[in-house]
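Novice: Mind having a look at this structure? Questions to follow.
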Amino acid sequence: MTPREPLRPVGYDDAADRVRLLDQRKLPAVETWLELETAEQVADAIRTLAVRGAPAIGVAAAYGVAVEARRGASPERLREASRLIASARPTAVNLAWAVARMSRRLEAGPAALLAEAHAIRDEDEASCRRMGALGAPLLPRGARVLTHCNAGALATAGYGTALGLVRAAVEAGNPVTVFADETRPFFQGARLTAWELQRDGIPVTVLTDGMAGWLMQRGEISCVVVGSDRIAANGDVCNKIGTYALAVLARHHGLPFYVAAPWSTVDLATARGADIPIEERGADEVVRINGALIAPEGVPARYPAFDVTPAALVTAIVTERGVADGDLAAALRRLAGA
Ligand code: MRU
């Protein structure tokens, strides 16, 4: 098979001064790129999940600030644009982290701001590759990896966090296979994880969200590997709704539960998972699939978009700085100084 171009879902057209985003609302049916020129458009793309995944929204946010600067925005307008983008979604700390990093360069001018955004993108992909190298040895030969949501190239600048471990293992000759939870209601697993792994020739099987326990009971899963939107100082891990249930199941069945996330996802200023703001999205996203109602008209529905897995259920956290295990709070403190 001819190797495919690496998948990079967030980019910038330097000549036209436009932010380019692969529209993840449309995959896998249609591959279409959005070309954005304002902070409002970038914030809207983040809010509506055209771009999603903690590291990827951080990169998009940085480009959103840069595009305003390059199009001549005043310092005042740049500050307003930064606030607008930072508030597009509350849970993934990468968004606020990237905007804060851009804000520190606000006075440096448009060229410096664009260079900073490119650096955020390049560093994120490098971090993913480093996490892959550090984390791949955790996967036994022929591991059957269960993952949730999409923590792949599509959720990052490229390569992926959880799927970066899978990619690195496959590149090292380990014939790993993946089970992808469909991940209701946006179907990041069925639509995005399945699409990007199939594109790279990595075997993937889609499950509905309730199937994991049964497959674990039958010995068909080796370990769980997921990404994260924010990791608290005590090692509690926030990730896509449904992750906590998998961690409980993994513990019950004696399986390792691994988290892969760049250091930009670690929020030492947040003491514990209970302090992480959890995004609540509209009930309509739960009761409609592609516009079609799948529940009785008017029935209430809930959509907390994330949950928190207590540190005690996490076997290890793989970051580009190293692997945290054992006492996660102490391990994260050590890595903070690395
Ligand atoms: O709502 P989403 O699709 O942005 O949620 C994404 C996740 O929960 C991912 O698992 C997380 O951001 C890690 S991505 C490397």
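Each Cβ is built from the backbone N, Cα and C atoms, and glycine gets one as well.
As listed in TrEMBL for this protein:
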- Arg52, Gly53, Ala54, Arg89, Gln188, Asn239, Lys240: substrate binding site (BINDING)
- Cys149: site 'Transition state stabilizer' (SITE)
- Asp229: active site, proton donor (ACT_SITE)
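Just tell me what is around each of these and how deep it sits.
Specialist: Sequence-distant neighbours of Asn239 (substrate binding site): residues of the same chain at least 6 apart with a C-beta under 8 Å from its C-beta are His148, Cys149, Val226, Gly227, Ser228, Asp229, Val259, Phe306, Asp307, Thr309.
Around Cys149 (site 'Transition state stabilizer'), a 10 Å sphere centred on its CB holds 28 further CB atoms from the protein chains shown.
There are 32 other CB atoms within 10 A of the CB of Asp229 (active site, proton donor), with all protein chains counted.
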Novice: I'd like to know which of the recorded positions listed (Arg52, Ala54, Arg89, Asp229, Asn239, Lys240) lie near ligand 1, counting only a CB under 6 Å away.
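Specialist: Among the recorded positions listed, those whose Cβ sits under 6 Å from ligand 1 are Arg52, Ala54, Asp229, Asn239, Lys240.
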Novice: So how many other Cβ atoms are close to Gly53 (substrate binding site), meaning within 10 Å of its Cβ?
Specialist: 31
Novice: List, in sequence order, the residues of the same chain other than Arg52, Gly53, Ala54, Arg89, Gln188, Asn239, Lys240 whose Cβ lies within 8 Å of the centroid of the Cβ atoms of the recorded substrate site.
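Specialist: For the substrate site, the extra neighbours are Ile57, Ala92, Cys149, Asn150, Ala151, Ala155, Gly227, Asp229, Ala305, Phe306.
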Novice: Go through Arg52, Arg89, Lys240, the listed binding-site residues, and name the one with the sparsest Cβ surroundings, counting other Cβ atoms within 10 Å.
Specialist: Arg89
Novice: For the substrate site made of Arg52, Gly53, Ala54, Arg89, Gln188, Asn239, Lys240, how many Å separate the two farthest Cα atoms?
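Specialist: For the residues that bind substrate, the greatest Cα distance is 17 Å.
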Novice: 10 Å Cβ neighbour count around Gln188 (substrate binding site)?
Specialist: 28
